[in-house]
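Structure record follows, encoded as structure tokens.
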Amino acid sequence: MITTVVGSYPATPREPETLRERISSFIGSYDACRPAIETAVRDQVRAGVDIISDGQVRGDMVGHFAEAMGGMMVKDGVSIIFSRITPPAGSIGSDDLIYAIKILRKLTDDESKGVKGIITGPSTMAHASKIEGFYSPQKRERAIMDMADALRVEAEHLQDAGALMIQIDEPFLSTGMVDMGTARRAVKRISGALDVDVSLHVCGDISGVIGELLTFPVDMLDLEFAGRPSNLEVLAEKWRGDKKLGFGCVDTSTEVVESTDTIKNLIERGADIAGEDNLYIDPDCGMRKLPREAAFSKLRNMVKAASEF
């Protein structure tokens, strides 16, 4: 079974320590997030994960994109749409992705391992932002589709930078706040432009949306099951077998480290529904809020459990 992560990892930016780093800081070229990316990559590789991330160390999933998009800004921690949304002047995440790949290749020569590119989805970006201009707060469809066009450009940048796959994070899809038809069209704007596999990550209770999620034009649905075991029953009723399933099997909302047997038992239930060959094994969600040791231990046990199939 292939193992992966959802994205974020508890690796914090670091102030310059060495003489070279202090000189770089003095001339304005030191990047405090580079050491955090290296920590995230090293931990994921050490745990044995197949498809890793750069750790998403540069801030929250909405603000990081809003700061770069045309027509958007972040003020007092709030993402704001003030004009028409347009693509950023350059790629938001390609440099970090390339650096993560560089570190990965230093650590292993296994070409089957790679780094995923991650974008926050258009519906989540639009619904998590305050609209102050150009679009109607009551009717966000136009904002969502313009967001999709801008994010498509970023996804293409990530693909060109060497991403093994692209993940679209859409946590808002399980909330009931989103028009699913618009969300589907927006995702298609992105996935239809890519050659690599595309995964759609949706956390939360999927009981009200699983039927529609299964119609989204993506190669994989990534869902949480450790923290929400009821999602297994929902999936069993609707699963059609035409996609891969990102199977969240460690709970990222608690520091408690699941045993290998606990994880393995959950994976077995998922395999009974979707088939072993269709499962990609990963955590429920991002791991940013966990202590680093807990995050690493969860990944290590997850990989060990997956290896027993």
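Cβ atoms here come from the backbone N, Cα and C positions, even for glycine.
From the candidate list Cys249, Cys285, the residue Swiss-Prot records in the Zn(2+) site shared with His201, Cys203, Glu224 is Cys285. Those same-chain residues not listed among His201, Cys203, Glu224, Cys285 yet with C-beta within 8 angstroms of the centroid of the Zn(2+) site C-beta atoms are Val6, Pro171, Val202, Gly204, Asp222, Leu223, Gly248, Thr252, Asp284, Gly286. The Cβ of Glu224 (Zn(2+) binding site) has 28 other Cβ atoms within 10 Å, all protein chains considered. Here the binding-site residues are His201, Cys203, and the one ringed by the most other CB atoms within 10 angstroms is His201.
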